[in-house]
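To start, the structure itself, in C-alpha cells.
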Amino acid sequence: MRIIEMNNVSKTYSNGVNALNNIDILIEKGEFVYVVGPSGAGKSTFIKMIYREELPSSGSIHIQGSDITKLKSKHVPYLRRKIGVVFQDFKLLPKLSVYENIAFALEVIEEPRHIIRKRVMEVLDIVKLKSKARFLPDELSGGEQQRVSIARAIVNDPRVLIADEPTGNLDPDTSWEVMETLETINRSGTTVIMATHNREIVNTIKRRVIVIESGRIVRDELRGSYSYER
Amino acid sequence: MKGRTLVRHGKEGLKNIGRNGWMSFASISAVTVMLMVVGVFLLLILNLNHFLESVEEDVEVRVYIDLTATEQEQEELRNDLEQLDHVESITYLSKDEGLDQLIDSLGEDNREVFESLRDENPLNDAFILRATDPQLTEQVALQAEELNDIDRVDYGKQVVDQLFKVTNVMRTMGIVLVLGLMFTAMFLISNTIKLTIVARQKEIQIMKLVGATNGFIRWPFFIEGILLGVIGSIIPLALVTGGYYYVYNNYASRLSLDFAELLPASPLSLQVSLILLAIGVFVGVWGSLTSVRKFLKV
Ligand SMILES: Nc1ncnc2c1ncn2[C@@H]1O[C@H](COP(=O)(O)OP(=O)(O)OP(=O)(O)O)[C@@H](O)[C@H]1O
Ligand SMILES: [Mg+2]
C-alpha cells in the first residue's frame, strides 16, 4: 500500500529560490528511505512538504490517499498527528523531564491521562530510556537526547516518521545508537524517511536511497549507496 | 473542552504573566489608567445626560418680580404677561412658597441651613408661566424679559443649551482620550504577549508539530489577555464605585437644585463597573489574540 505519493511537485520560495522541480515519488507503507544530496539540494524542503510545513507551488501530495495540498489549515493538526518529525537539534523543552517532554506531545492533543502514561512507558522502552525518565534533557548525552526526541515523535503512533539529519549533531557511536532505534521503529511497521549526509550509515545499513540534486531526483535505488556527482 | 485542559490553560496563562513581570505590570497599568479615565467620563456624561433630560422636561418660565415692585405694579405685570402670545397658564409663587419649594427639594442635611433664612428670605416673588407648547418656552421668556418690574427671567432652555455645548465638548474629548488610551493599552498588551510568545516559540513549534490545534495553542494567551484585563480593572472598579458612592452620599443633596439630581449610586456604579470590566477584558483579549495570530500561521 502506498503511503506517500508526490506528483509533479515543484516549490519556489517567496524569495524566488527554486528548491524543488517536478518531483514524482512513490513511497510504500513500511519502507525505510534515505534522502541524500549536496547541501542546498532541497532535501529539507522535500521533507517539509510531507508534514505541510511548506506547501508546494504546484503538484499534488497524497498521504494515505488524500491530497494534503488541498487540506484546509484547520485540518493540518490532524495530518500532523499521523506523522512524527525528528530534528537535528532535538527540539526538547529544557525545563521538562524526559517523561514530561514525551507526554507533552500527547497532552496537547488532549489524550486521557491513563493513555499518556501507558504510551510514554511503551516508547521509553523502545528507545531504551526507561531508567532516565526523570532526567532533564541537559543531563543526557546527545544520542540520548535524540532518542527522546524520537520517542516524542512516535508516541502517538504515527504512520510515518520523518527525520531531517537526525545524526547531524552526533558522533559516530551515538549515531549508530540512533539508527538502531530508527530501525526498531521501522521493523514495527512505521514508514521512516530520513535526510542525511552520513555516508557510512547509508552504505552500511542498505536501504532505498533517493538522491536529490538542484531540486530534482537524480537517482532512486532500492538498495542504494551514498553517492552523487558534484 | 475537558476540565483538566482548562486548568492547564489557566496555569499557562498565569505563568506567562509572571514570566514577563515588568511588561505585564506595564500592560496592567495601562489598562488601569485607561479604565479610570473611561470610568470618570462615563459617570460625568451619564449624569449630565440625566440632568439635561430632567431640565428639558421642565419647560416653565420663571419671571422673578423686582423687589421694589408695588402690589399694583405686580398686578399690572400679571396682566401684561397674560397678554403675551402662547402663554397657557400663570401661577403666582410668593417668595415664601418659593423658599418652601427650595427647602423641600433639599436633603435633610441642608434643610436647617435654609430654615434659618426664613426671616430674611433672599428670594423674589415670581410668576410661573407655562407655554402652550414646550418648544415656545424660549419665545415666551424673551417676550417676558421686555416687560417692566422684572428682576430676571429664568427658563430651562438656557441651561440646556449651555450644557449641551459643554457635554458635546466633553464627549469628544472623552472619546479621543479613551480611544488613545485603549490603543496604548492594547499595544502594550500585544507587545507583552509577543515577548512571552518569543520565549515560548520552541514550545509552540513543538505543539504544532505534534498536531495541537491552533485553538489549543491560543487558549493560554486568551486567558492571559483576560487576566491582564481583569487585574487592570480592579483598581478603577474600586475607585469609581467607591468614589461615586462617596460623592453621592456626601454631596448629592448639596448639588441637587430644583430639578437636577445625581443618578442614584446603586444601579449606576454596578452598570459602570460592568462596562469597565467588559472594556478591560476586551482590550486584554484583543491585544493578546492579535499578537498570537502571526505565530500560528501554518
Ligand atoms: N524558508 C526558505 N525561504 C527561502 N528559501 C529557502 C527556504 N528554505 C530553503 N530555501 C532555499 O531552498 C534551497 C533548498 O534548501 P533546503 O533546505 O531544502 O536544502 P537541503 O538539501 O536541506 O540542504 P542542507 O543539506 O544544507 O540541509 C536552498 O537554496 C535554500 O536557500
Ligand atoms: Mg536541510
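From the backbone N, Cα and C atoms, a Cβ is placed for every residue, glycine too.
Annotations in TrEMBL come from automatic prediction, not curation.
Worth saying up front: this structure is predicted, and the values here are computed from it rather than measured.
Quick look at what TrEMBL lists:
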{"type": "DOMAIN", "residues": "B:59-153", "note": "domain 'FtsX extracellular'"}
{"type": "DOMAIN", "residues": "B:176-294", "note": "domain 'ABC3 transporter permease C-terminal'"}
{"type": "TRANSMEM", "residues": "B:21-46", "note": "transmembrane segment"}
{"type": "TRANSMEM", "residues": "B:173-198", "note": "transmembrane segment"}
{"type": "TRANSMEM", "residues": "B:219-248", "note": "transmembrane segment"}
{"type": "TRANSMEM", "residues": "B:268-289", "note": "transmembrane segment"}
Can you tell me which parts of the same chain pack against the transmembrane segment (B:173-198), counting only residues 6+ beyond its ends and a CB-CB cutoff under 8 A?
16, 19-20, 23-24, 26-27, 30-31, 33-34, 37-38, 41, 44-45, 204, 221, 224-225, 228, 232, 279, 283-284, 286-288, 290-292, 295
Residues in the domain 'ABC3 transporter permease C-terminal' (B:176-294) grouped by DSSP into helix, strand and remaining coil:
105 helix, 0 strand, 14 coil
Taking DSSP states H, G and I as helix and E and B as strand, how many residues of the domain 'FtsX extracellular' (B:59-153) are helix, strand and coil?
47 helix, 22 strand, 26 coil
